[in-house]
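Trainee: Take a look at this one; I'll ask things after.
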Amino acid sequence: MSLSLWQQCLARLQDELPATEFSMWIRPLQAELSDNTLALYAPNRFVLDWVRDKYLNNINGLLNTFCGADAPQLRFEVGTKPVTQTLKTPVHNVVAPAQTTTAQPQRVAPAARSGWDNVPAPAEPTYRSNVNVKHTFDNFVEGKSNQLARAAARQVADNPGGAYNPLFLYGGTGLGKTHLLHAVGNGIMARKPNAKVVYMHSERFVQDMVKALQNNAIEEFKRYYRSVDALLIDDIQFFANKERSQEEFFHTFNALLEGNQQIILTSDRYPKEINGVEDRLKSRFGWGLTVAIEPPELETRVAILMKKADENDIRLPGEVAFFIAKRLRSNVRELEGALNRVIANANFTGRAITIDFVREALRDLLALQEKLVTIDNIQKTVAEYYKIKIADLLSKRRSRSVARPRQMAMALAKELTNHSLPEIGDAFGGRDHTTVLHACRKIEQLREESHDIKEDFSNLIRTLSS
């Protein structure tokens, strides 16, 4: 038995697991086989616990499949394996273009100073962190929609410049991307108080560069941005069509990556879908780990409301939290804004927070939401998205090109409206409520297994909620 056994396991796990999961949890593992024991080394305790909790059965199952009664015992360790043997992950890439296929520009070491030895060195720049201390991992409400993003961000905070560099988070407005950026910054500085961590919106980078050009201070600009320990840039899509800014950021990106300095970027869309940004930049955005943040599901929306109320020392009855969460679905910011309005109204009037009170306090917001998201609107949007006719969604046709969009539309109707399953079934050609339930479960399963279905669902949610 040899280390090729782990190669076989990796190949199977890569086929069986979603690409993001494999890249995040399995790819960082190192293996050592000796005395009928397969030791798997994880980069930190967090990864070790996650793999042991989530994938232990998968790995043991594969060992039994390949070795039968001779399957080695599995042991987990934190750290790196002895360097006497090297084991490489299969070459085929799962999340982003392999770095070996695109040569990274090499940073040229500064030449010897020679006759310039007596010239004073440039002053150390003063770093403006801009990290909001209020946004931490502790007050970030985790749910199925953001679990992977939070886990990746946590690892980056614990090990900046390590496995996930750059980390690219994308998703709609108000879903928690900015919160995670600040949480990473706070996490890094908690471990290393003197760390040079800089958070900014992409437009600030552009403004700083323009100012540097105007003041003939571009070298100071470069020195500032290329000497940080972690650069956290929000809404990178605003670099679109700003060629000079993209050029400068391209070189900054390369310098930071070569120096093992952490880069985290956020956007409202997948890197390859950002228009107006050079392909060489979009390619680099995907070099590390790319993770989506989706709109929060009902349970997470309720948890967000309850936590926000608790932070404000407000008692929010559970049934009221469910009432709000079932009607406001698009993003966290909308939820928190609605709750702030409810709290303000309660403080002004001295009334208890009940469902009737919330219905009155949020009547315009709730009316607008119900007007925007209807089953008819969902059917129209889904039909346009998949380039089929609404009549196809209502028909008895069962071909996949029609059945899958129909299931998607039913799942969206359950998620975004307050209609019952029988009502949804009636709206789709008089179908039974069990058909709707099957469609919802099927789409939920496919969102776990298929990146394309997951993207379709997120895109449609974003379109319908905007």
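Any Cβ shown, glycine's included, is placed from N, Cα and C.
What Swiss-Prot shows for this protein is this:
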- 1-86: region 'Domain I, interacts with DnaA modulators' (REGION)
- 86-129: region 'Domain II' (REGION)
- 130-346: region 'Domain III, AAA+ region' (REGION)
- Gly174, Gly176, Lys177, Thr178: ATP binding site (BINDING)
- 347-466: region 'Domain IV, binds dsDNA' (REGION)
Trainee: Give the sequence-ordered set of same-chain residues, not counting Gly174, Gly176, Lys177, Thr178, with Cβ within 8 Å of the centre of the Cβ atoms defining the ATP site.
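Mentor: After dropping the recorded site residues, what remains is Gly171, Thr173, Leu175, His179, Leu180, Thr266, Ile293, Asn331, Val332, Arg333.
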Trainee: I'd like to know the mean pLDDT over the region 'Domain II' (86-129).
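Mentor: The predicted confidence over the region 'Domain II' (86-129), as a mean pLDDT, is 41.
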Trainee: Under a three-state reading of DSSP, tell me whether Lys177 (ATP binding site) is helix, strand or coil.
Mentor: helix
Trainee: Below 8 Å Cβ to Cβ and six or more residues apart, same chain only. Which residues does that give for Lys177 (ATP binding site)?
Mentor: Ala149, Leu169, Tyr170, Gly171, Asp234, Thr266, Ile293
Trainee: With DSSP, how much of the region 'Domain I, interacts with DnaA modulators' (1-86) is helix, how much strand and how much coil, in residues?
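Mentor: Secondary-structure breakdown of the region 'Domain I, interacts with DnaA modulators' (1-86): 46 helix, 17 strand, 23 coil.
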Trainee: Relative to the Cβ position of Thr178 (ATP binding site), how many further Cβ atoms are located within 10 Å?
Mentor: 20
Trainee: Hey, of the binding-site residues listed (Gly174, Gly176), which one tops the CB count within 10 A?
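Mentor: Per the Cβ count within 10 Å, the most buried is Gly176.
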Trainee: So how many of the residues in the region 'Domain IV, binds dsDNA' (347-466) end up helix, strand or coil by DSSP?
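Mentor: When I sort the residues of the region 'Domain IV, binds dsDNA' (347-466) into the three classes, I find 93 helix, 0 strand, 27 coil.
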